[in-house]
Amino acid sequence: MEESQLERNPRNGFLALVLRPINWLKMLGGELHWSFVLGVMIVYGISQGFAVGMIKVSTMYYMKDEQKVQPSELQVYLGLLQLPWVIKPLWGLLTDTLPVLGYRRRPYFIFAGFLSVTSMLALSIQRNLSLAFSLLSLMGVSAGIAIAVVAIDACVTQNSISHPSLAGDMQSLCGFSSSIGALVGYSLSGFLVHLVGPKGVFGLLSVPAGLVILVGMMLKESRVHKFTHRGVNEKFLDAGKAMWTALKFRDVWRPCLYMYLSLAVSLNIHEGMFYWYTDAKGGPSFSQHGLFASKNSNLSLITYHEISSWLNSDSELGCSDVLFWYGMQEVVGSVFSVGAVGSLSGVLIYQNWLKDHRFRDLLFWSQLLYGASGLLDLILVLRLNLKIGLPDYFFVVIDEAISMMIGRIKWQPLLVLSSKLCPAGIEGTFFALLMSIDHVGLLSSTWVGGLLLKFLKVTRTQFDNLWVAILIRSLMRIIPVFLLFLIPRSDPNLSILPEEMLKMKKGDDTLESENTEMVSLVDSI
C-alpha cells in the first residue's frame with residue numbers, strides 16, 4: 001500500500017529519479033570501494049572528457065587559423081596525435097611489470113600529469129611555434145592523457161574480473177564521466193577560444209592536467225615485495241607470452257579483428273565537414289556568422305558586420321532589444337557540446353535498457369543505425385534541410401546529437417567485451433592492447449578519410465565533391481554488419497575466457513593487497 005502511494009505521488013517519484021544515480025554510485029562504491037569510483041571520475045571525467053573536449057576545438061582553430069593547413073593535411077596531423085594511444089600496450093606493460101620506487105601505479109599518474117602540464121604550457125607560452133614543435137607538444141599532451149587512462153583502465157579491468165556482473169556498470173561509469181566532462185568542456189571551449197584564443201586555452205588546461213598529479217599523490221598502494229629490477233626483462237617476456245597465448249584464443253582474436261575492421265572502414269571525414277561549416281560559401285559559414293536573437297525576431301544567423309551596423313545605427317533595434325549574440329567559436333563549441341549530450345544519452349540508454357542484450361544483436365542494430373545517421377550530413381551538404389525550412393544550425397545540432405548517441409551505443413558493448421577478454425595478471429597491458437587496436441582502427445579511418453578528401457579535391461575553398469565523400473563513408477559503415485560472426489554469442493554478464501586464464505598468478509613480487517585504492521591526503525599523512 002505504501003509503495004503504491006509512493007508511486008502515485010509525483011514528488012516522491014521525482015525524488016526517486018534524482019536519487020537513482022546517487023544510489024547507483026553508492027552501490028558501486030560499496031562493491032568496488034568509493035575510491036575506485038572517484039579515480040574513474042577524475043581521470044575519465046576531467047583529464048579525458050573535459051580536457052579533450054577543450055583541446056579538440058582549440059586545436060582545430062589553432063591549426064586552421066594559425067598554422068593555415070588544408071583539411072586533408074589536418075586529418076593526417078590529427079591522426080598523428082593518436083600515436084600515443086596506439087602504443088598504449090607499452091604504457092600498460094610498464095605499469096604491470098615495472099614498479100617505480102616500489103609502486104605500480106602512482107609514479108605513472110604523476111609522470112603523466114607532469115608531461116601534460118609541461119606540454120600545455122609550452123603550447124601556451126611559446127610564440128610563433130613551428131608546425132613540427134606544435135605537433136610534438138600536442139603529442140605530449142595526448143601521451144600524458146593516454147598514460148593516465150591506461151593506469152585507471154588496469155583497475156577497471158581487474159575489478160571486471162573479480163566482479164563480472166558489474167563490468168557493464170563500470171564501463172557505464174567511465175562513459176558517464178567522459179561524456180559529462182566532454183559536455184562541460186565543449187560548452188566552455190567556444191567561449192574560451194573566443195575570449196583568450198586557442199593558445200590561452202592550452203594554458204588554462206594545465207590546471208586540470210595537474211589533477212592527474214594529485215591522483216598519483218593520493219593513490220594508496222601497497223609496495224611490491226621482493227622486486228628486483230634484474231627480472232624486468234623476464235617479466236616483459238612473460239607478459240608478452242601471456243598476451244600471445246590469449247590472442248591465440250578463438251574468442252579473443254576474432255573480436256579484436258572485428259573491432260579494428262569496424263572502425264577502419266568507418267571513414268573519418270570530420271575535418272572536411274569542419275571546414276565546410278566554417279569556410280564554404282554556400283555552407284553555414286559559422287566563421288563569418290553568429291547566432292542572433294532579438295525580442296522582435298526569430299533566431300537567425302547574421303554577420304558580425306550586420307550586428308555591428310544595426311547596434312550603431314538609428315534603427316529601432318537597440319542594445320536593449322538584443323537577447324543574445326553567439327559568435328563563431330561559440331557556435332562550433334555548442335555543436336560539439338550537444339554531441340556530448342548525445343553521447344551521454346547513449347550511455348544512459350545502454351545502461352538502463354541495453355546492457356543485458358547479447359553483444360552480436362546489439363551491434364547489428366547499432367551499426368545499421370550508425371550507417372544511416374551518416375546520411376544526415378548528406379542532407380546538410382546538399383542543402384535539402386533548407387528546402388524543408390530547417391535552419392543550418394539546428395540541423396547540425398540534431399545531426400551531431402544523433403550521430404554521437406548512436407556511436408556511443410555502438411561503442412559501449414565493445415568496451416564491455418574488451419574488459420572481459422583480459423587475462424588475470426596483465427589486465428592493464430592487455431586492455432591497453434585492445435584499446436590500441438581500436439586506436440589503430442581510428443587512425444586508419446582518419447588517414448584513409450584524409451586521402452579520400454584529397455582524392456576528391458576537397459580543400460579549404462573547394463567542397464563540390466564533399467557529398468561524394470559523405471556517401472562513400474555512409475556506405476562503408478554498413479560493412480561491419482557482415483562481420484558480426486566474429487563476435488561471440490555469449491551473455492554479457494558472464495565471463496568469456498577459460499577459468500585458468502582468470503586466475504591471478506602470484507610470483508615473488510606480490511602485493512599486500514591486489515586492490516589499489518584512493519584515500520584523502522589527510523589519511524595518507
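Backbone N, Cα and C define each Cβ position, glycine as well.
The transmembrane segment annotation in TrEMBL covers 34-55 (among others).
Residues or ranges marked as transmembrane segment by TrEMBL: 108-125 (among others).
The annotation transmembrane segment is assigned in TrEMBL to 131-152 (among others).
Taken from TrEMBL, the feature transmembrane segment applies to 173-195 (among others).
According to TrEMBL, the feature transmembrane segment maps to 201-219 (among others).
Per TrEMBL, the feature transmembrane segment maps to 257-277 (among others).
Residues annotated as transmembrane segment in TrEMBL: 331-350 (among others).
The transmembrane segment annotation in TrEMBL covers 362-384 (among others).
According to TrEMBL, the transmembrane segment annotation covers 430-453 (among others).
What TrEMBL lists as transmembrane segment is 465-487 (among others).
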Check: To the transmembrane segment (108-125), which of 131-152, 201-219, 257-277, 331-350 is linked by the most Cβ pairs under 8 Å?
Finding: 201-219
Item checked: Distant-in-sequence neighbours of the transmembrane segment (131-152), which means Cβ under 8 A and at least six residues beyond its ends -> 39-40, 43-44, 47-48, 51-52, 55, 59, 62, 67, 69, 77, 80-85, 88, 91-92, 95, 105, 108-109, 111-120, 122-123, 209, 212, 215, 428, 432
Margin query: Between the transmembrane segment (201-219) and the transmembrane segment (465-487), are there three or more CB pairs that fall under 8 A, provided the residues in each pair are separated by 6 or more in sequence?
Written below: no
